[in-house]
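Engineer: Before anything else, here's the structure in question.
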Amino acid sequence: MRNNHQKQTSVDVQLSPQVRTRPLEEQTGDNPTEHNSPVPSESSSKLSSPLPGSPGQMVQAQLLQPTSTIHQCQQTDQPPVHASALPGLLTEITNNRFVLGCALFASLGGILFGYDQGVISVTLVMDHFNSRFPQIDPRVSPNGSASFWKGFLTAMIELGAVLGVMLAGFIADKYGRKSAIKIGSMFFILGSIIQTCALDLALLLIGRFVGGIGIGILSMACPMYMSEISPSNIRGALLCLEEFNIVFGIVVAFWITYATRLIESEVSWRLPFGIQLLPAVIILLGLSLLPSSPSWLASRRRYDECLETLATLRQLPVDDQSVRKEWIEIRVNAEFHRDLDRARFGDLPDDSWSLLKIEFQKWADTFSQGCRRRTFVGVGLYFFQQFVGINALIYYSPTLFETLGLDVELRLKMSGIMNMCQLFGVSISFLFIDKVGRRPLLLLGSVMMAICHFSVAILIRQYSSDWAHHQSAGWAGVVFLLLYMVIFGVSWGPIPWAMPSEIFPSSLRAKGVAVSTMSNWINNFIIGLITPPLIEKTHEGAFMFFAFNSLLSWVFVWFFVPETAYRSLE
C-alpha cells in the first residue's frame, strides 16, 4: 500500500512564472484579525487552497487521492485531542525531535540577549567596576552626571541592536537565516571581548554598542529561523524557547554577578563579561550542523535542496506525502511572490543600484496598504511588551523594592527571585501557547498584569510613608510583583517573539520581522529613560502608568491581533 502512495506522490512539479496560485497570506488581504480561533474554519481552509485550474491545484488533487494517508499529514493543521496539554505536547515534540534540537540550538541567541541584560544590573553597583569607571560612580561624578552615564551605558545595547536589526533584514534575505545568525554571533563575540578588556569608559561603551549590533541581528534572525523550520502544531511551543532562554540568560547573569561581587579585584566584573563569550562561540562553531530554512531555499530557487531539507527536518523520506505537500506549498508560494516581484520590477540588471532599489522598495512594502496592518500588529506587540513594565522591573527592581521598604541585601535577592518567577511563567507557556492559542493568553495576561500593577500602586500610596509599621503591606506588594512576573512569562513574554514571524508573507518576512523587532529595541530604550524619573518623582505613579498600558494592551489584542496557532506559514 505504501508503494502505491509513493508512486502517486513522486510526480515532479514544473512551476512556471505564470503560476497564479495564491497562498493564504495573500488572500486574507490586510485584515489578519478575522481568524480568532486556533482551529481553522472550513472557510479559511478553502482560502488556503490553490485557484482552480492552476498547476498547484492539479498537483494537490494528485496528492489528495490516497485519502487515508494524506489525512495523517493534514492533522498537523488541527489541534490534537488530548486529555491535557502536557501529554499532547510531549507526543508532538517526540515526533519532531530533530526540529526540537535545531530550535534549541538557535534559541541560544536568546541567552546572549538575556545574559547581557542581566549582567549589567549588579555590575553597576560593584566597587571595583566603579573604581575603573569613575564617571558612573555618584560619589565621584558631580551634578548627577553619574546617572546619565549609567543610563547611557545601559542604552548602548539598545542603540546597537536597532542598527543590528536593520542589517539583519538584508542579511537574512540575501545570504540566509543561518548567515545572519553567524554574523550576529561574530559581532557579539567582538563586543564581549572589548567589554571584558576595557580600560576606560569609551572602550566599554564601544564594546556594548558592538555587542548590541550582534544581539539585534540575533533577536530577529533566530525566531524567524525557528518559525520556518517548525511544524505548525508545535511552532508556538518551540518559539517559546527564545523567551525562555532570554529569561534564563538574565537569571544566570544575575546570580553570577551576585556571587562575583564579593571578589576583591576587577575579576569581579571582568569574569561575568567574559563568560558570555561561551554561548556565542558555541553558536558560531555549531551553526554548520543546522539545516537551512526551507522557505529561504525556495526563495533562492533551490527546490531540490528545499525538499531534502524538509525531509531531514521531519525525519521522513523525500517521497513521503506530508513532506511533498509541505514542499509544494512552500514552492508555489515562492513562485507566486517571485511573479509579484517580476511584475513590479521587471528584469532588472544584477547591479548594485538595482539591488539597492529593490531592497529599499521591500522595506517600504512593509508599510504599504497590503501589509500595513501586519506591521502595525508586529510593532504593537513589541511596544506593549515593553510598556507593560517588564524591563522597568528588570533594570530597576532594586529601586522598586526599596520603594516597598526592603533592605539592600534583600532587594538584590528578591530581584533574582523575581527573574526566576518569570522563567517559571515561560515554562508554563510551553504547555498552552499552541493548545489554548496566542490571543487568549495575551488577553488574560493583560487583565492580570493590570490588576497586579494597580494593587502595588494602591499599597504604595497607602503605606509608603511608614513601611516599618506596615511590613505585611510591603510584602503583599512584593507578592504582586512576583505574580506579575509569572503572568508576563506565560503571556506577553514569549508571544511577541513568536507572532511577527507568523503574520508576514514569506516575501516580506525578513523585513517585517526586522521592523517589528526594531520596535522592541526602541521602546526598550525609551523605557530605560523614563522609568527612573517616574519612580523617583511619582512612586506609585510608575505602577499606575504600567497598569494603564496593560489595559490598553488588552484593547489592542482584542481589536487587532489575529490567532496564528495551527496555521501554516505558507
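Residue numbering: from 1, along the chain as shown.
Cβ coordinates are placed from backbone N, Cα and C, and glycine is handled just like the others.
Just lifted these from TrEMBL, have a look:
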- 1-57: region 'Disordered' (REGION)
- 1-19: compositional bias 'Polar residues' (COMPBIAS)
- 37-55: compositional bias 'Low complexity' (COMPBIAS)
- 98-115: transmembrane segment (TRANSMEM)
- 102-565: domain 'Major facilitator superfamily (MFS) profile' (DOMAIN)
- 148-171: transmembrane segment (TRANSMEM)
- 183-203: transmembrane segment (TRANSMEM)
- 209-226: transmembrane segment (TRANSMEM)
- 238-259: transmembrane segment (TRANSMEM)
- 271-292: transmembrane segment (TRANSMEM)
- 376-396: transmembrane segment (TRANSMEM)
- 416-433: transmembrane segment (TRANSMEM)
- 440-460: transmembrane segment (TRANSMEM)
- 472-492: transmembrane segment (TRANSMEM)
- 513-535: transmembrane segment (TRANSMEM)
- 541-561: transmembrane segment (TRANSMEM)
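Let's see these features in context: how buried, what's close, how far.
Structural biologist: With a threshold of 8 Å between CB atoms, the same-chain residues lying at least 6 positions outside the transmembrane segment (148-171) that come near it are 116-117, 120, 124, 133, 135-136, 141, 179-180, 183-184, 187, 191, 201, 204-205, 208-221, 359, 363, 395, 510-511, 513-515, 517-518, 521-522, 524-525, 528-529, 532.
Outside the transmembrane segment (376-396), and at least 6 residues removed from its termini, the chain residues within Cβ reach (under 8 Å) are 32, 117-118, 121, 154, 250, 418-419, 422, 446, 449, 453, 481, 484-485, 488, 492-493, 495-496, 499-500, 503-504, 512-513, 515-517, 519-520, 523-524, 526-528, 531-532, 534-535, 542-543, 545-546, 549-550, 552-553, 556, 560-562.
Sequence-distant contacts of the transmembrane segment (416-433) (same chain, at least 6 residues past either end, Cβ-Cβ under 8 Å): 85-86, 89, 118, 236-237, 239-240, 243-244, 247-248, 250-251, 254-255, 258, 390, 393-394, 397, 441, 481-483, 485-491, 493-495, 498, 565.
With a threshold of 8 Å between CB atoms, the same-chain residues lying at least 6 positions outside the transmembrane segment (440-460) that come near it are 388-389, 403-404, 429, 432-433, 473-474, 476-477, 480-481, 483-484, 487-488, 490-492, 495, 539-541, 543-544, 546-548, 550-551, 553-554, 557-558, 561.
Within the same chain, residues 243, 247, 384-385, 388-390, 393, 400-401, 404-406, 414, 417-419, 421-429, 432, 441-442, 444-446, 448-449, 452-453, 455-456, 459-460, 462-463, 553 sit at least 6 positions outside the transmembrane segment (472-492) and bring their C-beta atoms closer than 8 Å to a C-beta of that stretch.
Proximity of distant same-chain residues to the transmembrane segment (513-535), defined by a Cβ-Cβ separation under 8 Å and at least 6 residues beyond the stretch ends, is recorded for 147, 151, 154-155, 158-159, 161-162, 165-166, 168-169, 172, 216, 219-220, 223-224, 363, 366, 375, 378-383, 385-387, 391-392, 395-396, 399-400, 403, 496, 500-501, 504, 541-542, 545.
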Engineer: Can you check how the pLDDT averages out over the domain 'Major facilitator superfamily (MFS) profile' (102-565)?
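Structural biologist: It averages 88.
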